[in-house]
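Accompanying notes for the structure given below.
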């Protein structure tokens with residue numbers, strides 16, 4: 001399949017190409033389109049399915065920080081690396097609710113809770129289920145990321161009212177072994193299958209800028225797009241380099257390459273929420289605007305994402321206003337009268 005010969009109207013169809021048909025070469029052909037052509041195509045696809053002026057706001061809270069036994073080379077929460085991050089116990093329910101109310105007041109529609117576990121223990125899952133019920137009662141969509149799930153655990157989360165489960169693939173199968181050794185790619189796919197079988201929505205994306213090649217970035221997007229069905233929510237993270245982790249000092253990704261990744265994700269997963277996630281704190285307003293043009297329609301709001309910095313809510317509000325955009329659920333700003 002030579003992507004450049006396929007009409008935009010065909011690429012935009014949810015079932016075209018068929019599930020499992022996306023190969024890295026197909027996605028790479030999109031990456032290698034001229035930049036303006038790629039953005040034009042992505043914007044066309046985006047407008048077929050979404051209001052291009054609306055952005056979904058999500059909030060992310062670390063409910064259990066640090067001490068993770070995994071060796072993910074990018075992660076400051078790994079117990080394998082000395083990053084100066086102290087391990088905490090599971091956050092009390094009332095503290096979670098306080099953070100959820102603050103996120104809702106800031107315009108967030110979805111509240112995500114993350115715990116630095118390899119896999120949740122049964123008694124921890126009971127506590128997280130209570131958090132889900134309480135946050136859901138506020139009227140927020142709920143999402144959790146707790147590591148690998150065993151049989152029956154996704155069903156327990158579903159019964160508690162969970163909307164989304166996040167479990168990222170991180171990178172392509174080919175590059176994966178360079179980043180993580182303590183869990184396999186198949187482990188991740190198995191958890192995603194359990195989430196789907198339980199009837200939960202899937203939030204699944206990855207990280208770019210870890211030293212991977214463009215082909216390996218294409219491999220990640222192809223893998224995501226070939227999930228059947230592809231994820232409803234696709235967070236794209238730009239590596240945040242943390243001193244003490246093996247990836248500290250990695251050469252930064254070209255900003256235009258990050259925009260290309262957003263555009264390609266939009267084209268091959270036309271109905272997904274493509275979310276700007278970690279790494280946004282160092283992005284200029286111009287770069288973020290290009291990402292919106294490329295089809296990003298969700299972002300994490302709030303000062304901190306798990307353990308890394310993030311733009312302040314007020315800065316996000318000002319940016320959306322300058323671009324004539326608005327948060328989903330909020331009324332668009334009225335146009336200002338021009339002076340006579």
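Counting starts with 1 at the first residue shown.
Every residue gets a Cβ built from N, Cα and C, even glycine.
Keep in mind that this is a model prediction, so the values were computed, not measured.
These come from Swiss-Prot:
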type: BINDING; residues: 68, 72, 75; note: [4Fe-4S] cluster binding site
type: BINDING; residues: 112, 143, 203, 275; note: [2Fe-2S] cluster binding site
type: DOMAIN; residues: 53-280; note: domain 'Radical SAM core'
Which one is it: of the binding-site residues 68, 143, which Cβ has the fewest other Cβ atoms within 10 Å in this structure?
68
Taking the center of the Cβ atoms of 112, 143, 203, 275 at the recorded [2Fe-2S] cluster site, which other residues in this chain have a Cβ no more than 8 Å from that point?
58, 60, 110, 145, 164, 166, 233, 235
Binding-site residues listed as 72, 112, least Cβ neighbours within 10 Å:
72
In sequence order, which same-chain residues at least six apart have a C-beta under 8 angstroms from residue 75 ([4Fe-4S] cluster binding site)?
68, 81, 242, 245
For the [4Fe-4S] cluster site built from 68, 72, 75, further residues of that chain with CB within 8 A of the site's CB center:
70, 71, 74, 76, 77, 78, 80, 116
Those residues of the chain, 6+ apart, with a Cβ under 8 Å from that of residue 203 ([2Fe-2S] cluster binding site):
112, 143, 145, 164, 165, 166, 167, 231, 232, 233, 234, 235
Can you tell me how many other Cβ atoms are located within 10 Å of the Cβ belonging to residue 275 ([2Fe-2S] cluster binding site)?
24
At the level of the C-alpha atoms, what whole-angstrom distance separates residue 72 ([4Fe-4S] cluster binding site) and residue 275 ([2Fe-2S] cluster binding site)?
21
